[in-house]
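Everything on this sheet refers to the single structure shown next.
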Amino acid sequence: MLQMGKAREPNFLILFFFGLILAFGISSEGSQIRHYKWEVEYMFWAPDCNENIVMGINGQFPGPTIRANAGDTVVVELINKLHTEGVVIHWHGILQRGTPWADGTASISQCAINPGETFFYNFTVDNPGTFFYHGHLGMQRSAGLYGSLIVDPPQGKKEPFHYDGEINLLLSDWWHQSIHKQEVGLSSKPIRWIGEPQTILLNGRGQFDCSIAAKYDSNLEPCKLKGSEPCAPYIFHVMPKKTYRIRIASTTALAALNFAIGNHPLLVVEADGNYVQPFYTSDIDIYSGESYSVLITTDQNPSENYWVSVGTRGRHPNTPPGLTLLNYLPNSVSKLPTSPPPETPAWDDFDRSKNFTYRITAAMGSPKPPVKSNRRIFLLNTQNVINGYVKWAINDVSLALPPTPYLGAMKFNLLHAFDQNPPPEVFPEDYDIDTPPTNEKTKIGNGVYQFKIGEIVDVILQNANMMKENLSEIHPWHLHGHDFWVLGYGDGKFTAEEESSLNLKNPPLRNTVVIFPYGWTAIRFVADNPGVWAFHCHIEPHLHMGMGVVFAEGVEKVGRIPTKALACGGTAKSLINNP
């Protein structure tokens with residue numbers, strides 16, 4: 001009897017401690033479970049001092065910041081309170097190893113969450129870094145559905161650089177026209193382009209019809225703000241003689257941006273959640289989908305405040321710079337700097353943009369890429385007309401997502417859910433990237449590039465002339481489910497001669513990369529994350545117009561997928577027939 005009682009005691013203790021783990025959200029390895037309950041809904045807001053409708057979370061715009069340590073589990077209970085729209089949220093830069101269904105891409109990883117429904121996102125944040133989240137259905141990111149996601153090192157570990165304080169900055173662009181009107185315009189004959197944004201927002205705040213720097217330009221209307229308005233500048237409060245880390249992420253729908261602080265050099269230390277070899281610069285270019293950490297030292301005249309300026313690059317500017325203050329405490333925020341804000345470099349100075357981008361290399365000790373790849377895919381970016389509609393296409397295929405999510409369709413072998421013929425992996429060698437496209441074979445499609453697990457893949461992104469003469473645009477491309485090595489950039493068409501210029505020594509790891517006008521960008525990644533993953537231009541209207549592809553790898557190895565992720569299209573029928 002006594003022996004039996006002793007045998008049961010450890011089991012009771014195990015259950016007791018397991019209960020504590022659940023109650024306090026602490027895993028057995030010291031990581032935590034961080035639970036959030038979010039309600040997504042439209043609400044009236046005035047991001048740039050003009051009232052409009054934004055998509056917010058729990059009454060906040062931008063949405064709440066998620067903060068966790070590497071190794072933590074994040075659980076987001078998402079309730080869709082939109083009246084007539086579905087919703088999903090993509091966790092930008094989070095690899096979703098083991099949870100591809102939680103990537104938050106409608107028609108790829110999951111079904112859209114219907115109005116009134118609740119969906120639980122449950123995933124592990126593996127790596128420290130500066131990330132963010134955003135809507136990934138239609139153009140909901142442009143409507144304001146985004147927020148910050150910051151991952152600190154695991155408990156007991158430190159960053160490889162010192163700083164005394166931290167400032168988190170989320171950059172976005174804002175239109176007064178609704179996303180629904182924008183979507184209809186983009187899908188019309190003839191196309192109605194969305195135009196340039198009205199305002200650049202810093203942490204969801206900007207000024208459309210006034211300027212906080214009006215004293216330097218008599219043509220500008222001064223702002224008369226008390227500081228409590230939703231459009232009042234988000235002030236960077238700092239103490240003199242300290243080092244601050246500024247985490248910067250761009251959720252813009254269209255704009256490429258330039259960030260600068262008057263009189264303060266920026267030390268770049270992180271890009272897309274990966275450490276880089278530190279380097280100083282006066283300003284940084286940041287494209288949609290990218291994130292950076294920069295360090296600044298507050299060693300300037302402590303009796304002054306300094307301008308923080310965010311201007312547009314890469315497109316002919318029709319949007320004033322977003323402004324705020326670096327406020328040296330205890331100075332009053334009403335004390336404006338003695339000089340004008342930093343001037344944004346010329347919008348079309350692409351050499352300057354390239355020089356900044358080329359300086360980004362991996363920090364010492366970072367993982368190196370495999371020496372050779374098993375497979376190489378060339379992706380030609382072109383603008384085309386299909387049945388009178390203006391579309392973007394990759395290798396003459398404009399992506400239109402199917403009603404059944406790829407992940408479920410491939411998991412349950414639903415062969416009719418999407419085109420079983422893979423898209424082209426090359427484009428014609430004689431294609432002239434310097435002239436407008438004339439190929440009449442461009443089509444709408446939804447085929448998939450499939451990889452074997454462990455396959456080492458090179459992707460060559462090739463830019464080209466648009467339909468208008470002498471015009472080629474910057475495109476930032478984002479890959480879900482992976483980081484990749486950026487092996488190189490170049491002007492013109494990629495050829496075999498470019499092979500020797502590829503960087504295999506210290507290429508940076510990124511999840512978003514830019515291709516410059518009339519140029520190419522080469523990346524390499526390992527297909528080691530079972531799932532189905534989007535790879536697309538992060539400019540919202542370009543993706544809406546078909547500028548993306550879909551990668552799949554090892555779907556047969558994917559574990560159980562939550563039923564709610566598949567409750568639409570052909571997978572819904574499978575669930576009904578096979579409960």
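Cβ atoms are placed via backbone N, Cα and C, with glycine included.
The Cu cation 4 site recorded in Swiss-Prot includes Cys537, His542, Met547, and the single candidate from His264, His316, His416, His475 that the record places there is His475. His134 is the residue from His35, His134, His482 that Swiss-Prot records in the Cu cation 2 site together with His92, His538.
Among the candidates His83, His180, His536, the residue that Swiss-Prot annotates alongside His136, His480 as binding Cu cation 3 is His536. When you check Swiss-Prot, the disulphide partner of Cys49 from the set Cys231, Cys568 turns out to be Cys231. The residues near the Cu cation 3 site, meaning same-chain residues not in His136, His480, His536 whose C-beta sits within 8 angstroms of the mean position of the site's C-beta atoms, are His90, Asp103, Thr105, Ile108, His478, Trp533, Ala534, Phe535, Leu543, Gly548, in sequence order.
By the criterion of other Cβ atoms within 10 Å of the residue's own Cβ, the least surrounded of the disulfide-bonded residues Cys111, Cys210, Cys231 is Cys210. Helix, strand and coil residue tallies for the domain 'Plastocyanin-like 1' (33-152), in that order: 3 helix, 61 strand, 56 coil [DSSP]. Minimal Cβ crowding within 10 Å, among the glycosylation sites Asn122, Asn470, is found at Asn470.
Nearest to Cys111 (disulfide bond) in space, judged by Cα atoms and limited to the binding-site residues His136, His478, His480, His536, is His136.
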